[in-house]
Amino acid sequence: FLTATAAYVVQLYLYKCACLKWEEVSIMDEKNIPIRTYQVCNVLEPNQNNWLRTDWIPRSGAQRVYVEVKFTLRDCNSLPGVTGTCKETFNLYYHESNEDRESYIKESSFIKVDTVAADESFTQVDVGDRIMKLNTEVRDVKVTTRKGFYLAFQDVGACIALVSVRVFYKTCPLTVRNLATFPDTITGADTSSLVEVRGSCVNQSEEREEPKMYCGADGEWLVPIGGCLCNPGYEERGGACKACRAGFYKAKSTDPGCAKCPPHSHSLRDGATICDCHAGFFRADTDPPSMACTQPPSAPQQLISVVNETSVVLEWTPPHRLGGRSDTSYNFPRPGSAGGSVSSSQFCAPCGSDVLFSPGQTGLTTTRVVVSELRAHTHYTFIVHARNGVSQASGAGAAQSVSVSVTTNQAAPSPVSSIQATDVTRHSLSLSWQQPDRPNGVILEYEVKFYEKDQRERSYRIMRTFSRSVDVTGLNPLTVYVFHVRARTAAGYGEFSTPFEFSTNSDPFPLIGEGVNSAFLLLSVSGVGILLLISAAVFIISRRRSKYSKTKQDSEEEKHLNPGVKIYVDPFTYEDPDQAIHEFAKEIDVSSIHIEKVIGMGEFGEVCSGRLRVQGKREIYVAIKSLKAGYSDKQRRDFLSEASIMGQFDHPNIIRLEGVVTRCKPLMIITEYMENGSLDAFLRKHDGQFTVIQLVGMLRGIASGMKYLSDMNYVHRDLAARNILVNSNLVCKVSDFGLSRVLEDDPEATGTYLSPGGKIPIRWTAPEAIAYRKFTTASDVWSYGIVMWEVVSYGERPYWDMNNQDVIKAIEEGYRLPAPMDCPVVLHQLMLDCWERDRAERPTFSQILNMLDKLIRNPGTLRRTGGERYLQCTKAKTEISSSKVWSLCEWLQSIGLERYRDTLAAAGYTSLDSLLALTHQIEVEIMNPR
Ligand code: ACK
């Protein structure tokens, strides 16, 4: 009968005892509705003990029940004539029991709950036509031991009317908190007890942390802990988990709610946990679902290569399209993978594992790699793949790669890595060693250098041998010697090995003529000493002469050590020009040439592009120069002389001759095809589009080609950007070889300055070549400086619109081209060095090459530019050419010679006029103070 919420009005039964004093009386309540009451009122008699009890009340799981009693109670004072026997309270009892029909329960079985007193003034209490005042008292009692209980009311002499008894227990009602459902829960046994309740997650949700709440004694839920989260694809709406709508998704239960599909993706059905990518877009495994769908990158761009002996610097610019991602990386495919990265010219084979890629071969995030440990004089193809996180998912491959082919140069052998000593005696030992890991050619000789350890390198001996062993004699007994070995090929000496130390012993066997050896040693030591002394003297003197002399000396030494270097043969020394052409150029069958289109006009006729298919080789693109009909003998000779010259060269930065057609007409010269044509036009077309490193890379290529020509004793005489050709990989190659042409047929020279021997391209030519036709490698270096200026200024015309006479005059007066806009200071300084008046002071191509390599290795050095100086310089150029007054200081600044300002001032030259009045001789004195 007990319910959780509704009060239960208890049926009361008269307690069956001898003193039956409680009576059931019907009365009217205040609204005149008849009600039943139990009344007792024996106030005049002492020792009252009148009991009234209820039926058995089932507990129904409750642990604490509440008893609400409504009653009236008469004030003893209001009863006339009552004495000490009158009471104003009654007692409430309970008795727990499993028996629902106990007919008799002993008084002593009941446990007292409380003595109940009225809290209302009830003086006037009465029923019927009188006012009745009701008392309501609630008591609670713990009932935990039996299935139910009985309640009893004990009257001890009061005047009471029991109107109602309501018995109830309390529950915490069913509720949903933090997406967990908590059931209707009966409160605990004690007033302070909390019942711990575990909730269960609502539909389409999962537990985040065990959901718990406490049911308090008064039916309130307390302290919610933990809770649930809507499953992926669902979000909380109104305390329940509802599916995300189409176009929305929720990936994780912890995401706050459904989100709109990211760019380039969609969801078609409700409840999406991820959005599908649009066609052509992809998602990497590691991409979060919130990320937009992306695409693989396009191929890397502008891959350039700079060959330095057996290493290659490769640089490229990032792909045009990054596919919406920022994780582009670059790979050089490993051997065995598609498009193996390197091939030899004959048979495509992957690079060996000994080739080093720095900083690495795969996963590169920079756009520069140095590949070293390559074989000398070998043709390599490098393929760079651009990849990003979705490359694999998209299955894209070749479209994302670019390749470049290079040919490595000659290189000295690598050092000998280990040396062994055997047959050690008092005065001798036998040394042996292995061939260097990278001989880079045929080893012609080994050089052994050794000295007593105590002596350091103050005096040493050198021995040379063709084999990999040598007997060293004439040593002192019981002495530690240090040995180094190096190898020599046609490319020169490699580096010495690290030092290896061996000691002679006291063993006299085998004995070898001691006296002779001592004398030999003495002679050798003193000989070497004298040699050293002479070298030192030469070294000191030459250093005082020029800052470039030290390295120049080195390079001369190099030449000396390279007796195998080929020397260029002037085809005009052949009486029969056809003999020269057939010695240096291959005759090509005209049927293997397929002409496609005219690409320009050369001095002897059209220049066409086309294809050449030589048997057993793959078809290649070529440029075809032809000799127009009606030529003279001299023209034929001059035309073919270019091929005879070109055919002697074999270098990646010199235009390669494929062959000639002389057996039928028109005569043709076939060269490799350079997709980007001549450098000056190419730069003008791509004004400002290259990085400084790319420009330096081009310059490096030209310098490398020029070094090769100068090593072969060939003087070009017309080095200019218009005579450099550029291929699709930005590799620059020197072209335009010819002898008479240099002075007569270059359009730059025509109608310009007529020297006693012919026409000269004034702006590119060194003063001594203009003045007295002194064409040397040093005059090529001057021209190289001008080419540098052309490159850095993207094909600007040297000396702008100044006329040739003014150019000659300005150069004579010390004027030099200013740094082009954004030109790194070091590059302009190198140009100025190339334009030293004294040709001995100019750097060699070898030094220029070293310098450019250093700059490429340390790109930071290229950062400092002259900046706004260009504007001043441009002004300077107009001022000088229009002979306006210009302050000496400004002028020096504009030509990059401000360092001479103090020197000039000290010499008394403070204005431009006074300086211009200087004779050439005086100027040289001041510019080069000794
Ligand atoms: O600037 P260009 O396009 O490059 O125009 C000239 C033209 O022929 C007359 O010399 C071009 N040319 C010459 N040799 C080659 C070559 N090997 N590959 C491509 N173009 C060439 C030059």
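Backbone N, Cα and C define each Cβ position, glycine as well.
Note that the structure is a prediction, hence the values are computed from the model and not measured.
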TrEMBL ATP site partner of ILE599, GLY600, MET601, GLY602, GLU603, PHE604, GLY605, GLU606, VAL607, selected from LYS586, LYS625, LYS634: LYS625
Sequence-ordered binding-site residues from ILE599, GLU603, GLY605, VAL607 with Cβ under 6 Å of an atom of ligand 1: ILE599, VAL607
For GLU603 (ATP binding site): DSSP state (helix, strand, coil): coil
Residue, out of the binding-site residues ILE599, MET601, whose Cβ gathers the largest set of other Cβ atoms within 10 Å: ILE599
Env. residues of ATP site, Cβ within 8 Å of mean position of ILE599, GLY600, MET601, GLY602, GLU603, PHE604, GLY605, GLU606, VAL607, LYS625 Cβ: CYS608, SER626
Residues near GLY605 (ATP binding site) in space but at least six apart in sequence (CB under 8 A): LYS625, SER626, LEU627, LYS628, PRO666
Span of ILE599, GLY600, MET601, GLY602, GLU603, PHE604, GLY605, GLU606, VAL607, LYS625 around ATP - largest C-alpha separation, Å: 14
Helix, strand and coil counts within the domain 'Fibronectin type-III' (296-411) (DSSP): 7 helix, 43 strand, 66 coil
Counts of helix, strand and coil residues, the domain 'Fibronectin type-III' (415-507), according to DSSP: 0 helix, 42 strand, 51 coil
